[in-house]
Amino acid sequence: MDGSSLPLNARHVLTKDLIINRINMFANGIAIVALFHYRATTLRRIMETKETPLAYRWRPVKLEVYPERLPGDEKLPPVDVFVCTADPSKEPSLGVMNTVISAMALDYPPDRLAVYLHDDGGSYVTLNAIRESWKFARFWVPFRRKYELKIACPAAYLSSKESADEKFIGSSEFAAEKKMIEKKYTEFQEALEKNSVNASASVSRDHAPAIEVMTDENGDSNLKDIPLLVYMAREKRPGHPHHFKGGALNVLLRVSSVITNAPYFVVLDCDMYCNNPSSARGAMCFYLDPKIAPGIAWVQYPQKFHNLSEYDIYGEISAGLRWLKGPNLYGCNFVMTREAIYGIGKIEKEADLNQLKKIFGSSNEFIKSLYKSYKPQLPENRKLSSELQKELQLLASCTYDNGTDWGEEASTYC
């Protein structure tokens with residue numbers, strides 16, 4: 001047949017597609033060559049970069065403390081504990097007072113421990129509650145210390161299975177005292193419930209400052225065995241910004257500086273409690289180590305919550321961050337130095353008084369507390385003199401830091 005020599009198929013080059021394909025290959029080829037060239041020319045610089053080895057040196061660490069190696073109680077530095085609350089209708093008094101009592105029951109010399117409760121609502125419910133807490137703490141604190149209980153919070157202890165250290169198990173004296181504590185706690189709980197009627201109506205946003213140091217009017221307890229307990233409500237007026245918790249801590253620092261002026265302070269939220277009585281001593285294991293203390297501003301304890309899943313991100317998320325400038329500051333459960341929050345070291349005698357007042361305000365007593373030699377003298381009966389009470393009223397006023405450098409920074413960051 002004449003058509004038998006003709007091909008059965010034909011191939012046509014897609015010129016347009018070929019050009020696009022070649023251009024794509026050429027462009028990608030140039031990019032790959034450029035990438036290899038970049039890596040080759042920067043390899044030396046990468047190797048010389050200090051941060052590069054960090055990826056291969058990542059080594060999370062766990063810090064362990066040895067409180068038993070600390071110096072004697074008489075050589076431990078004083079510690080102030082700050083607890084903040086605002087509204088007894090939203091933050092029930094029983095929980096808040098358990099936080100306060102757990103702080104008072106820390107394994108720390110009672111004459112070197114002070115607990116301050118700041119009531120931002122100026123509520124009589126909270127004031128009555130802390131008075132009842134003082135009465136109960138006179139029994140609970142010695143009981144916890146005597147029997148070396150590992151739980152400092154009375155509510156947590158009485159609802160747990162823990163009894164006491166093994167050497168006290170089976171002791172008739174311990175059993176009798178525990179029964180007495182249970183009775184006292186029931187009375188304490190009932191008193192708080194009775195005082196909490198119309199709790200929301202007791203909260204004020206317009207009130208004068210109030211400071212009261214808890215003491216034993218009857219003189220039937222040894223005050224040296226019980227840490228100092230102070231109730232404080234700063235002045236609040238509708239026309240003045242109060243800066244919430246930051247403002248409360250500012251006032252706590254000022255007021256406490258002329259009462260106890262401890263070089264270290266602990267901040268606790270009112271819905272937390274000290275689950276480890278030796279936590280304050282644990283923090284001192286860092287602060288009293290001369291090798292690392294100068295570089296430490298605060299020691300952060302993890303937040304532990306009940307009824308969580310097995311993945312506890314709150315308690316474990318900050319583990320191993322010691323050498324990465326430490327964990328973030330949570331705003332509670334930490335131990336900090338006053339020098340760190342003031343932003344200065346202890347003031348020497350030759351410091352300019354006018355400059356200090358420009359920074360810290362007009363209170364001469366507060367300025368004195370900045371000096372190394374300052375030691376506040378609280379009477380043994382813990383009753384504030386009229387002069388000191390007047391000074392405290394000034395420090396807790398809502399206008400104290402107006403026009404000061406401290407006040408300007410507080411307005412910016414709080």
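A Cβ is built for glycine as well, from the same backbone N, Cα and C atoms used for every other residue.
Annotations in TrEMBL come from automatic prediction, not curation.
Here's what TrEMBL has on this protein:
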BINDING   LYS90, GLU91, ASP120  UDP-alpha-D-glucose binding site
BINDING   LYS245, ASP269  Mn(2+) binding site
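Around LYS90 (UDP-alpha-D-glucose binding site), no same-chain residue six or more apart in sequence has its CB under 8 Å from its CB. ASP269 (Mn(2+) binding site) sits 13 Å from ASP120 (UDP-alpha-D-glucose binding site), taking the C-alpha atoms as the reference points. The UDP-alpha-D-glucose site is defined by LYS90, GLU91, ASP120, and by the 8 Å test on Cβ atoms against their centroid, the other residues of the chain that qualify are THR85, ALA86, ASP87, PRO88, SER89, GLY121, VAL203, CYS270. Calculated from their C-alpha atoms, the gap between LYS245 (Mn(2+) binding site) and ASP120 (UDP-alpha-D-glucose binding site) amounts to 9 Å.
Neighbour list (ASP120 (UDP-alpha-D-glucose binding site), Cβ cut-off 8 Å, at least 6 residues apart, same chain): CYS84, THR85, ALA86, ASP87, ALA233, ARG234, LYS236, HIS242, ALA248. For the UDP-alpha-D-glucose site, whose annotated binding residues are LYS90, GLU91, ASP120, the maximal Cα to Cα separation is 13 Å. Listed in sequence order, THR85, CYS270, ASP271 are the same-chain residues at least 6 apart in sequence whose CB falls under 8 Å from the CB of GLU91 (UDP-alpha-D-glucose binding site).
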